[in-house]
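Asks: Below are the features I grabbed from Swiss-Prot:
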{"type": "DOMAIN", "residues": "1-63", "note": "domain 'TGS'"}
{"type": "REGION", "residues": "243-534", "note": "region 'Catalytic'"}
{"type": "BINDING", "residues": "C335, H386, H511", "note": "Zn(2+) binding site"}
Amino acid sequence: MNEINVTLPDGSQRPLPAGASIFDLAASIGAGLAKAAIAGKIDGNLVDLNTPLADGARVEIITEKSPEALEIIRHSTSHLMAQAVKALFPQAKVTIGPAIETGFYYDFDVDHPFTPEDLEKIEEKMRELAKADLKIERKELTSADAIALFKGMGENYKVELIEDLGADKVSLYSQGDFVDLCRGPHLPKTSFIKAFKLTSIAGAYWRGDEKRPMLQRVYGTAFGDKKELEAYLARIEEAKKRDHRKLGRELDLFSFNDEVGAGLVIWHPKGAMLRTILEDFERKEHLKRGYDIVLGPQILKTELWQRSGHYENYRENMYFTTVDEQSYGVKPMNCLAHMMIYRSQLRSYRDLPLRYFELGTVHRHERAGVLHGLLRVRGFTQDDAHILCTPEQLDAEIKGVIQFVTEVMGIFGFEFEMELSTRPEKSIGSDDAWELATNALLNALKDSGRPYEINEGDGAFYGPKIDIKLRDALDRRWQCATIQCDFTLPERFDLTYVDADGEKKRPVMVHRVILGAIERFIGVLIEHFAGNFPTWLAPVQATIVTVTDNQIPYAQAAFDKLRAAGIRVQKDFRNEKLGFKIREAQLQKIPYMLVVGDKEVESGMLAPRFRDGKNLESMTPEQFVSFIESEVKSYK
């Protein structure tokens with residue numbers, strides 16, 4: 001065959017010489033496209049730019065403006081970094097280096113930890129290698145040949161990866177004298193890498209196993225141009241200012257203490273108040289939507305966890321104890337007690353759906369290396385609910401949860417994205433049950449009218465799920481809400497209801513959280529608002545500030561009125577300058593400062609000032625109460 005035909009995204013066909021590559025296709029369309037092309041898609045699969053085309057293939061050309069481009073750029077930049085490290089530190093052993101949502105990383109086994117000065121040297125070497133315009137080439141070897149190659153190079157981590165793959169052939173990428181094991185695709189040349197920055201260093205165990213060697217993980221990011229990179233780095237600097245761990249200390253919200261234990265939060269008065277506000281909000285919103293509030297025990301017999309499948313699939317993340325020679329598991333999830341409530345009496349189809357809601361505290365054994373402030377802890381409280389319904393009610397219930405999420409996230413000012421995660425390799429339940437559950441979730445997503453993605457193989461072991469990822473003020477994604485469909489646990493615990501025909505049927509269970517872990521959500525809120533909580537959420541809504549000691553009696557009376565009316569108010573009657581006291585209240589990010597001087601005492605008023613410095617009209621204490629109540633009612 002001397003000629004082939006390929007189909008372009010618009011449906012048109014284009015003839016090419018046999019053996020033509022994606023680059024040749026781009027060049028045949030135009031010189032500008034050939035210059036902009038970095039990779040391609042053949043029949044939906046990402047491939048390198050020089051990949052040969054087959055007759056009848058559906059082809060798409062990837063440029064820096066394509067949605068897929070950033071991952072390719074970042075993956076190639078991680079290889080460039082590994083090449084630079086090997087050039088500067090020849091004894092370093094390379095392991096893995098994927099692209100991630102915020103950039104990329106690469107793990108190295110080195111004799112000494114990298115320093116900030118080392119990162120500067122690595123970056124400089126990367127720039128040198130990028131300018132060298134090295135060709136990035138893909139080749140396939142048999143696994144035996146690839147193992148021999150990497151053994152000869154002393155790269156035993158790569159040998160282990162190839163052995164674990166168990167494939168007949170593997171693909172390698174080379175650029176200059178650097179060779180790496182990789183599926184690809186990659187950029188055509190190192191000169192295509194134009195804008196990057198190494199951002200941090202961390203420790204990471206090989207394959208996440210604490211019994212394996214500790215490696216040095218170097219994080220970085222890369223973009224198509226320097227303008228995008230600079231904008232991202234500016235967001236990173238802003239994120240550092242908003243870091244919930246930093247603000248948590250400054251605002252006296254929470255702390256951690258090694259004497260207490262890693263990953264266990266100690267809530268201070270202001271933090272506990274913030275938590276209480278959220279929990280009260282949750283209870284009110286759930287009651288409005290027909291949920292029943294329930295509460296289960298902290299420990300349950302190990303036999304129950306064995307019956308549920310948690311012991312088999314999740315026990316490495318659980319804590320166990322023995323009481324009176326009986327083994328118990330500290331709950332990592334709230335579902336089992338809810339099933340016991342359902343089983344406590346005979347259920348009719350007329351009773352369904354039942355919606356059990358619990359602000360349940362759970363404990364999970366997270367590895368020390370992954371703990372991160374409030375975002376990853378070992379003890380946390382979930383706004384956990386389980387809906388038990390008939391199969392016919394399932395679609396409506398899932399749609400109801402998606403609507404619930406939409407309304408709640410609107411109150412907090414979050415946009416969100418949805419992702420359907422399907423059956424993982426390690427799972428329980430029949431094929432039919434998984435198919436039914438997956439289709440129910442998919443139908444609800446389609447009917448929601450919102451965009452969604454499908455994440456193959458990332459569902460929970462007991463059912464498919466919808467993950468809902470919030471977008472914060474810095475355009476970061478946070479996974480909080482989850483909707484999981486479960487046909488398995490009702491069967492394991494023999495949950496039934498009597499149908500209209502008098503026969504016993506199996507209910508469907510939906511596990512769902514709206515905010516997710518309260519701790520994690522508070523961490524996200526702190527960073528989203530930079531600690532400047534809206535009035536309805538603020539642990540302290542106002543502080544009364546006196547000008548001199550002469551105003552203390554009136555200010556105290558006003559304080560008592562506000563507090564009695566339910567306003568979260570504090571006072572600052574110290575013998576300090578007014579400017580000092582106002583500045584301190586601003587640093588504590590309190591929404592309103594109520595200044596009391598001689599004029600306010602004489603008029604029976606307060607002089608409100610917003611934390612940004614804007615002065616409001618004077619108000620009586622009663623007027624200020626109404627003002628705050630109005631803000632709280634409208635979630636301002």
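Backbone N, Cα and C define each Cβ position, glycine as well.
Are these features on the surface or tucked inside, and what touches them?
Replies: For the domain 'TGS' (1-63), the DSSP-based tally of helix, strand and coil residues reads 14 helix, 28 strand, 21 coil.
Under the three-state DSSP scheme, H511 (Zn(2+) binding site) falls in the strand class. All protein chains shown were included, and the count of other CB atoms within 10 Å of the CB of H511 (Zn(2+) binding site) stands at 22.
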Asks: Might you list, by sequence position, any residue in that chain lying six or more from C335 (Zn(2+) binding site) with a Cβ less than 8 Å away from its Cβ?
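Replies: In sequence order, the residues whose Cβ lies under 8 Å from that of C335 (Zn(2+) binding site) (at least 6 apart) are S308, D384, H386, L489, M509, H511.
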Asks: Cβ within 8 Å of the Zn(2+) site's Cβ centroid: which residues qualify beyond C335, H386, H511?
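Replies: Not counting the recorded site residues, we get M333, N334, H338, M339, Y356, D384, A385, Q484, D486, L489, M509, V510, R512.
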Asks: For H386 (Zn(2+) binding site), just count the other CB atoms lying within 10 A of its CB, please.
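Replies: Around H386 (Zn(2+) binding site), other Cβ atoms within 10 Å: 27.
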